[in-house]
Each structure stands twice: as C-alpha cells, then as structure tokens.
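*Asks:* Quick one: structure below, then a few questions.
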C-alpha cells in the first residue's frame, strides 16, 4: 500500500512544483515586479518630475490658442483659435524679430562652427607636451564663466574711454566709439564673444574623434611620404566628418532658438533694433507685459519652426551621408 | 631622384606648417588669456590708474581697496550664501533623480524601459516653453521660494542618457547576476556596487550640474522677488550690468562716490570674486569634464 502512495505523493509534489514554475512563467511582468520592486519604486520620483514639470507645461501650451484669464485658469479660458498667431504675423515686429533671430544664428553658426574644428586639428598636430596642455587648459576655461560675468566683461572691455578696446582704437588713432550702443555692431560682438568663450570647450568633441583615429593610418601615410597637410586632408578630416555632421544637424535644428540669457543681458535701449529676438520678445511681452497667451503663441511658433528644421535637416543628412540623429 | 627630392622637400614643408601651427595656437592662447589677465590686473590696480588707462597687463599701483569694499556688502554676501545653498541642494536633487531613472532604464529586465526612454526623449524635442512653465510654478505656489530654484530644472535628460550609457557599457552584467545569486537586492546592489564603480561619471555629472547652478540667473529673474533669496549671479547682474551700485560698497569712499574709476575697479573685482570658486575648482576637474563630454558624445 505504502508502495503505491509514495509515487502519488511524489507526483503531487511534482505537479505543485510545475504549477509554481508555470505561474511564474505566466506573467514575467509580475515576476520582474516582485523581484525588482525596488527599481520600480526608484523610478517614481523622476517620472513624477517629468510628468509635472515637463508634460503639464506641454499641455499648458494650449493657452496659445486661448484668451488666458487668471480667474479661469489654463483649462477654463475661452478658445480663440489662431488669433494670437495672426496678430503676431501681422505685427510690425514680426519681420524684425525673424530677421534678428535668424541673422544672429546664422552668423554664430558660420563663425562659431569652423573654429573649434580648426583648433582641434591644430592641437592634434602637437605632441602631448606642456604647450598643448596649456593651450587646452586656457581655451577651455572661459566656458565656465557665467553669462552675467561674460556680458559684464564684454561691456567693460567695450565701454567708451575706459574700456581696453576703445583705448586700443585710440592708440591707433581711431575715433572713440560706444560699441554697445551701435546696432550694427551688436551681432558681431555677440557672435565673436561667443566664439571666444566656446571654441575651446566645443573642440573637445573633435579632439576626442581625432584621438580615436587608427595610428596605423598615420604610419602608412608617413611611409608613403605624405606631408602633414596631406595627412590632415586625407586622414583627419574624413575622421571628423560623422561627428561634424551630427553637430551641424543639432545647430541647424536650433537656428531659431537663439539663447535668451546672453542677448537679454547685452540689450540696451540703443541696440534693441538689432538685438530683439524671439526669446527676449516672449519674455518681455509675456512675463513683463503679462500677455500670457500672445507670448505663448510666439514661443510655440518658434519651437514648431525649430522642430521642422531639425526634421528636415536630419532627413537630408540621412539621405546624403547616412549620418543622422535617429 | 624624384623620391629623394620629395623626401627633402616634405620635411621642409612640414616644418613651415608646424611653424604656422605654433603661431596660430600661440595667437589663440594670447587672445583667450589676455582679457582674463587684464581683468585680474585691473581689479588690483588703483582707480586712478584704471581711469587713466595705464593698466595694460600687470596691476598698476597695487591695492586691495575694491576687494575690501566688496566684502562689506551684505547684498553680495547674501547672494553668495544663497548661491551656495542653491548649488549644494540643487545638485544633490539633480544627481539623485538622474541616477534614480538612469539606472533602472539601463537594465534590460526592467519593464517599461522603452516607454520611459520615449518619455524622456520627447522632452528633448518639445517643451511647454516659458509661459506655461511659469504658470505651473505659480499654480504650485512655488513663486518666490527656494523650491522654484530647485524643482523646475531638477533633472537634465542629457545627463540621464550619459549616465545610462555609462551604466550599460561599464558595469558588467555578470556582476549583477552574481549579486542576485547571493540574495542582494537591487537597491543595495546599486548603492554598494554600482555607484562606487560609477564614481567618474557621478563626478562629472555633479560638476556639470553644480556649475549650472552656480552660473544660473534666469530662474531667479523669473521666479524670485524677495531680495533675501537672490543668488549671486542675480545680484551681480544688478551691480554690473544694471549699474545699481550697492551703497554699502561705496561707504567710506564718499569722495570716490562720483569717481567712475572706483566703480570700474569694483566691477573688475566683482568679476574675479564671482568666478573664483569655479576657476579654483577648474584645473582639478578639467580632465573629468573632458571625459564627460566624450561619454556624452559616444552615444547621444
């Protein structure tokens, strides 16, 4: 008798075991959740952050199509369709803002894009010595200067009579100038101070790309008697193409997104005709003028153009060179 | 014959090229260095020398008057204090949140990983913009509180992606499996194994966030109203760019009140004082920053 119950018992045990395994296999989600519940808990605060501080404002963009009233709030305000967009397109400021925004961006891109690449190529020719380290250390440093301090430096250096630039002008017999007050100079001052501040730091990425070039390529080039210039032309520049294209896509994609902080600080009543861009306009009309809906419409228009540009440039690049962001 | 000619000619060409290369880099070095030196020298010079345009490279009539009056300004010291608070706590919040999401989405076994990555990526391409974000902060009643300086920018998606890439590529998966075998739970594994191994990336992240907090003025401009909450950069903007002189700084210098020269020297000294913490830290962390940029660029 006992001989027959034992296999049954074993069978039952086995079945139970099977059931347990099967239950686990049934829902890997539950299994993963049971084993890794700590990770799921961990992710809650960052996700809440994203939802509250990123996604709620995204939904809040609807005020661009509404007449925002403080009492009714974002959701309760009445819809007005594209009214604010039409007002913006018809306003006399529209073309000036577009012209300034694009003008400053394109100028920044043309001046600021090649310099870090040149710097990286030049540094790459040096042996890892004291001079190379000094140049790198010094050129990276301005990146860490805050915008406020940077703009103060610009203003101090360019101030009439006491600024060092004006004194240099005087030294060469040129007339004294109030640089910050002349609209024609604004773009150049903005762009070249940006190049001064950013060229070292932006070159890091290209230096890294050059450092990963296979040394045997240089060996082979030297065996063939290639000059340094030829090595740069045939080895270094091709090595930089992919990362350059990625960087180019990114900067073209944000061509309408001229940074607010520096321009706003550099503005003064004399140069606004050249320095007013979309982001400063959004700030002034929206927060200072409390015209929330209109200003959101302007901001939204700006981001949409940026997104469209990014998608276009990316798809062109993917077709032409197989380099793309996605 | 031709070969030999080439051999002799090429090094000459190379030498000329290298000469130009050194010239170019020296020029760049001077262009970047000169304004920095000029500012430091001016801040140590007498106001008479600055206004007379005698300072070109080294301090003229060395003195510390400007620095002495800076440290008398409660407004500025308050700004310093606030900035330290914003930087320390802000950075802690930043780093914590970044790791809390970057680590789980680096695990293949984590369900909803793809969804979270999409959730993150969307915020890189769309955002609500200035006004909706401002209205949110206002509705949450965070206006004019320290929280307005911490919460709206509590996490940067770029840093999350960098950290995730690091966790994925630099922490061997076998390590996690072994720990699990030993009955080590995820949180403990994260704290006592993953984080110590990730010290370089955490250092970079901390520094980038910290510099961001130290240099920020825009959030203060839109969210803060009370003078007691203003960070250093905001105070600096008032003093340096809006020229709102702090009477405390000009106290004891009544005869100099109308002296434009002293204000100039004061501005140079302010620039130096404001940038010192970052610049002192900078040589030590330079290598880390380079590393951080490189990890970020490997996989965006």
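Quick reminder: no glycine exception, Cβ is built from N, Cα and C everywhere.
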*Asks:* Which one of A:39-56, A:57-74, A:75-92 shows up in TrEMBL as transmembrane segment?
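*Replies:* Per TrEMBL, the stretch marked transmembrane segment is A:39-56.
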*Asks:* Do the transmembrane segment (A:102-123) and the transmembrane segment (A:189-211) come close, with at least three CB pairs under 8 A (pairs 6 or more apart in sequence)?
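*Replies:* Between the transmembrane segment (A:189-211) and the transmembrane segment (A:102-123), which are separate recorded stretches, there is contact, as judged by 3 or more close Cβ pairs.
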*Asks:* What same-chain residues lie close to the transmembrane segment (A:39-56): Cβ under 8 Å, and 6 or more beyond its ends?
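*Replies:* Contacts with the transmembrane segment (A:39-56): 33.
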